[in-house]
């Protein structure tokens, strides 16, 4: 049966190709031409049969009782001849040159003349090119041309990135109905409903005189019961526009009662008045007014998780529930990378080596990726200007800092510091570190970058600690660590910089120290249960975790060798001791570890 189907498909493709090529030849040679489409001062010869087969509009036109002369020359008003020419050629060749400059005009004309093949091609093109800068325009186009497939795709794109897109100027130009189509969506990616309210009120104030009259309808799409009662009292009740609107004051009264636990009786008439229609997926049993809707948005399922990134996948671990979730596949991520999460919860991976054959001057490059947690994929960014390893990563104001390390070509120790600006999408060099160092660690806290330990040019461990102020552009010494070390774990936990394990002049270490940022002093903490290097420390939701690393393990031959371990420990602050949580989590193998916030709604449980 399979061979018969394959043969039938092969014959169909052959016949389709033969027919398409034959039709194009007939058009090129102007054979059997029986009509002309006239747009402006240009006449385009074609065949009624082809137009009728591809367009219900033209089929009805040519089968109508219209005078024969009008069928021979069809005059099309308000049509760009260049766009029409592209569409006609597509009907004969199945090829069209779509670009950002012509796709909307082609889309509109295909919609007007009911040419589904061109229409579908345009929709697919626009869906693939959805971006923060054009998604609202594409949403508007989908609604205007009554194309649910495109409008829904654009709306979902906007919903996923609502916090970013609601700040754009295009958002402020949305019509009331366009705004409602966005904020009524259950899938809105907001952690707090307060963000929706603030976006709506900013939209109103952009054109207050005209938009106040639409506010009552838009108001129904905001899910006030998802807000804190304090925020509702301080910001919603006291808003001057809301206070001056009698209709909204009635709704405020109902909402105040709802916060007090008194809901109105559901009414079948609510749906008829439109008050319940904006809630999206509500049924007949949910006929309370829209502004009483308390269904959580999809973005409200965000949780603090430990992200483990290796060369296979990025996996999020929930230590409270002992569950793992697939965040993204990571086959392009190298093993020897470093990772960082910014204050804005943006996740970056830096490092690893590849050869850029087109760059003759500097063929060796280091990878640089950013995680798109919505699309669950890694986005390539401009590589490091100089390939290096054993460096430290810091972040201030969304800028990424790569501090010192080793040059991958010369193996020389480095003191240079590179800064990546995501707005300009460029790397720049900033103030050098006072010493050349590698195998150190870097941590950021409250707008400052701290560089700790590592090995210097003489291959000896250092205990020096530096602080970098990006606004002043200078490095300063802080109190040194008690034990010089490299390849250790670091985290900011409860206002202190905690370091654990690492390599010292005597070998692997289990010692743990804490640096008090207010007193500039180091204190000894409870030792980790095992001497380790490359251990990862993560402070998550008030708890400190230690993950993996390398320990000296006795082999069957009775010899000791550095071996990777993939366990998880938790520091119990009240008992001042380390407690084992997981003996092995395989996703930690070769992984960098981060404390981050991710939306469980969009993740797949492993």
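Every residue gets a Cβ built from N, Cα and C, even glycine.
Summarising the annotation, Swiss-Prot assigns domain 'BTB' to 33-100.
What Swiss-Prot records for 135-237 is domain 'BACK'. In the predicted model, the domain 'BACK' (135-237) shows an average pLDDT of 95.
Swiss-Prot lists 3 with the feature phosphoserine. Residue 3 (phosphoserine) carries a helical DSSP state (H, G or I). Taking Cβ-Cβ distances under 8 Å and a sequence separation of 6 or more, residue 3 (phosphoserine) has no neighbours in its chain.
Feature annotation from Swiss-Prot assigns repeat 'Kelch 1' to 346-398.
Marked as repeat 'Kelch 2' by Swiss-Prot: 399-447.
According to Swiss-Prot, the repeat 'Kelch 3' annotation covers 448-495.
Taken from Swiss-Prot, the feature repeat 'Kelch 4' covers 497-542.
Per Swiss-Prot, the feature repeat 'Kelch 5' maps to 544-599.
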Query - Secondary structure composition of the domain 'BACK' (135-237) [DSSP: H/G/I, E/B, coil] - result: 75 helix, 0 strand, 28 coil
